[in-house]
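Database features (Swiss-Prot):
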DOMAIN    74-350  domain 'Protein kinase'
BINDING   Leu80, Gly81, Ser82, Gly83, Gly84, Phe85, Gly86, Ser87, Val88, Lys101  ATP binding site
ACT_SITE  Asp209  active site, proton acceptor
Amino acid sequence: VSHVTVPSEGVMPSPLSLCRYLPRELSPSVDSRSCSIPLVAPRKAGKLFLGTTPPRAPGLPRRLAWFSIDWEQVCLMHRLGSGGFGSVYKATYHGVPVAIKQVNKCTEDLRASQRSFWAELNIAGLRHDNIVRVVAASTRTPEDSNSLGTIIMEFGGNVTLHQVIYDATRSPEPLSCRKQLSLGKCLKYSLDVVNGLLFLHSQSILHLDLKPANILISEQDVCKISDFGCSQKLQVLRGRQASPPHIGGTYTHQAPEILKGEIATPKADIYSFGITLWQMTTREVPYSGEPQYVQYAVVAYNLRPSLAGAVFTASLTGKALQNIIQSCWEARGLQRPSAELLQRDLKAFRGTLG
């Protein structure tokens, strides 16, 4: 969709919360706030840590081991990417490959930066094959560092699903990462992601920024959901009587209720998955045009990416895939399937392929 026609002001009030508008035009592959791990990696890494190393963390019980960093065991290798909210590095920790995320202290929105840091820790202590695990974290930083906190995460892989979908012909990665997504591969990755969502929702955690750029693909070809800087705990949201807290994310993947400023539910992640599955299937960008117009049309006119392509209409399998995607991005959250039901439907669909 290149242009969206929206009635002028005065015809009808905007269904969007005023605070949801973006401050500037962004590409659909970029977040509406920069809490996500950066997509673009610089060619050269600068000096990684400044000043002296913080004191070695005291011994902690195993169940609290993630809550402190043994700085003597950190060996930084190179920068993976950087953005307004910080930098991500590849490193080793106790000899094991990891990714280290440092959240900047001096940013345009310090409070949002702090929220992003603590949101990343919503999954601390949790383990699942399709979730990037938090290994350790600390608010202690080197004395001269510009960081308000450091998070050590499982190294989920060098490649994101976004790169596989859009950069296949230009990627310098091995051939195994550059081949096109077959229907079987698309369903395999989809089940990986849904399995991760099912686990998160069982732990009362909402991701709220699910998109291909936040899905890593490991060397074992397993998808892992990453970047929890926009995540929320469900019990916290349910306990709020007033307006919900500000939720970041990516406007192209946000459910209508999120764009309207309503309190999030697990069905918001299901909507985001529907857009992601559409991207895997078509290898196209969801929307183009002014973000605020797209947001308005998604809410007021039920705008969605096109399902008219031959990939959806030329075969029975395509039509079945079309039905799954449509069910995920229904306007009302109650009409969307749960992660459990979606997992069952995807497994049944994969079974029909033989």
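Counting begins at 1 with the first residue displayed.
Keep in mind that glycine also has a Cβ here, set from the backbone N, Cα and C atoms.
Confidence for the domain 'Protein kinase' (74-350), expressed as mean pLDDT, is 88.
There are 20 other Cβ atoms within 10 Å of the Cβ belonging to Leu80 (ATP binding site). In this structure, the residue listed as 'active site, proton acceptor' belongs to neither helix nor strand by DSSP; it is coil. Using a 10 Å radius centred on the Cβ of Gly86 (ATP binding site) and all shown protein chains, the other Cβ atoms total 27. Ranking the recorded positions Ser82, Val88, Asp209 by the number of CB atoms within 10 A of their own CB puts Asp209 at the top.
Rounded to the nearest whole angstrom, the C-alpha distance between Asp209 (active site, proton acceptor) and Gly86 (ATP binding site) is 17.
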